[in-house]
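**Q** I'd like to ask you about the structure that follows.
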Amino acid sequence: MTYFTTIDFVLFALLLVASMAIGLYYALSGGRQRTTQEFLLADRSMKCLPLSLSLMATFQSAVAIVGTPAEVYTNGTQYWFIGCSYILGLLIPAHIFIPVFYRLNLTSAYQYLELRFCKTVRICGTVTFIFQMCIFFMLVCFAISPVVTGFHLWGAVLATGLVCTVYTALGGLKAVIWTDVFQTVVMFTGQMAVIIVGVHQVGGFSDFWRKVTDGGRISGIDLNPDPTVRHTFWTLAVGGVFLMLSLYGVNQAQVQRYLSSRTEKEAIMSCYMAFPCLQIALGLSCLMGLVMFACYGDINLVDQQYIKSKDQMVLYFVMDMLQDFPGLPGLFVACLFSASLSTISSAFNSLATVTMEDLIKPNYPSITDSRATLLSKILAFSYGLVCLAMAYIVHLMNSSVLQAALSIFGMLGGPLLGLFCLGIFFPWANSSGAVTGLIAGLVMAFWVGIGGFVAQMSSSVTVCPHNCTDTVATKNLTMATVTAIMTPVTNKPSKPVAHHGLYSLSYMWYSAFNSSVVVLIGLFVSLITGPMKERDVTTGTVYPLMDKIHSLLQILVKPKACMGSSPEHRVILRTSQSLNVIKLSYTSRNQTSYLEQETSV
């Protein structure tokens, strides 16, 4: 085992000091975080560039940096196609969710649920989110826990957790966003340094490319429509859209960043600018996996007992192959901890926000702004201490329990997405339907997720071919359920047993499946109990989807000038929202005649 040198420890320490300094700067400058507007929303003064980097860094965690390379090393580059889901996964939030949330002048995303439905729905959504984010923190701590660098486990976890807790509690959202920017630069620098040196170590780019192609790690497009296959183009590019929406559409950590922008246009632009950032992050992580394969080939580091688990693969590679480059291991570990700092600080800040705005203020409406700000800081600090205690519990868990925790995190994103979609797109959905739909979605998510976990634990895992299921992590925390939702395969592939069919569903479809359950059950119950009347729907809480489709169809079917003796004659095409009918309106000075004909658009 290779340990850190003095230079490596110095680089790591500089990362923590710089992050703390940013937090202290924003705690002592400007308004000094004296109002909830400044502490929770950065005074709504953020520009799109830092916001876009922060949006990327929030869920580009240590799980991605240690997990994605291990995925590519084991199964090839099929996972790279998840980048296709980023297109709709960011366009839909930019043009649907952001306008709705921003125009309502919210602080917490769950305020929307009370405006659209009722207080009960808001509390249900808030509690679900708090549970989700606590698991989120445990996952990040677990991702940085492998001890292959000479770090004492609890020294590393405590240092990271305490630094995050302090600069989040003191500097507010503005400190969180700007430390995200700094940590993103460190992340990219560390990954690029490892890739460049790794390619040099294997003999240059041509040798690197030959080894990964000969080793079968460059995957083609797998168009298999089977939803039980773990990674195909459809599961990644289509199922991944719902995963992205659960993160970048309705997750409080991201919504809070949108709401902190100076204008709605800046918030939308931050979504657009996050796209290339996410693509770069995904590309660097995949390239790291290919570089690792070029160096080690098909050697199974776990079987050779070089490492205890695949979670340690990336750090082992850094310490083993780059030990002759003083400072580079320290730079990469700083990169790893930067990813952790950005995600953990986002968790603390968003948890403090929803607790204050959704649980405390509604019950104590007379609380002063200064007292609310102080309480928000105390909440951020308290959540930091609680999550550190939970990380210690994770340390005591065995791997199967941890895998169950990974699965639980992923189960919660889909139902929350479905709850927001039910309110935004379906004006007749009522409160009874929303609560029933959310409960049904959570029950279905836990049933399928835990059932699949138990089913696969009772099976025997043997040899695992490329694009199979024996891997450890993925692009982000919601996607990290892969370690729990793996479908075991054998040397002789076979169809899943009938009663295991639903349990064999690819984890990439979980958000789509669970959110669909919420919407369908919610609509069914709403129709039975009495649809919400249009006059009872709060203005601005429903996205005019039918009107937008109508406008789009009008653009696609553009009116053309009618050939006639008078220039005033014209043909107006109107597309009905509910029927495929085109009305031809012939207008002149003296008369208007209407002609209807049935057609298909």
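Cβ atoms are placed via backbone N, Cα and C, with glycine included.
TrEMBL feature annotations, pasted as is:
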type	residues	note
TRANSMEM	6-28	transmembrane segment
TRANSMEM	48-67	transmembrane segment
TRANSMEM	79-102	transmembrane segment
TRANSMEM	123-145	transmembrane segment
TRANSMEM	151-173	transmembrane segment
TRANSMEM	185-203	transmembrane segment
TRANSMEM	232-250	transmembrane segment
TRANSMEM	271-294	transmembrane segment
TRANSMEM	331-354	transmembrane segment
TRANSMEM	374-395	transmembrane segment
TRANSMEM	401-426	transmembrane segment
TRANSMEM	433-455	transmembrane segment
**Q** Are the transmembrane segment (6-28) and the transmembrane segment (331-354) close, by which I mean at least 3 Cβ pairs under 8 Å that are 6+ residues apart in sequence?
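**A** Contact between the transmembrane segment (331-354) and the transmembrane segment (6-28): present, because at least 3 Cβ pairs are under 8 Å.
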**Q** Out of 48-67, 185-203, 433-455, what stretch is closest in contact terms to the transmembrane segment (331-354), meaning most Cβ pairs under 8 angstroms?
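**A** Between the candidates 48-67, 185-203, 433-455, the best contact partner of the transmembrane segment (331-354) is 48-67.
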**Q** Report, as numbers and ranges, every residue of the chain located at least six residues beyond the transmembrane segment (185-203) whose Cβ falls under 8 Å of a Cβ in that stretch; write 'none' if there are none.
**A** 15, 57, 60, 65, 211, 280-281, 284-285, 287-288, 291-292, 294-295, 317-318, 321-322, 325, 328, 331-332, 334-336, 338-339
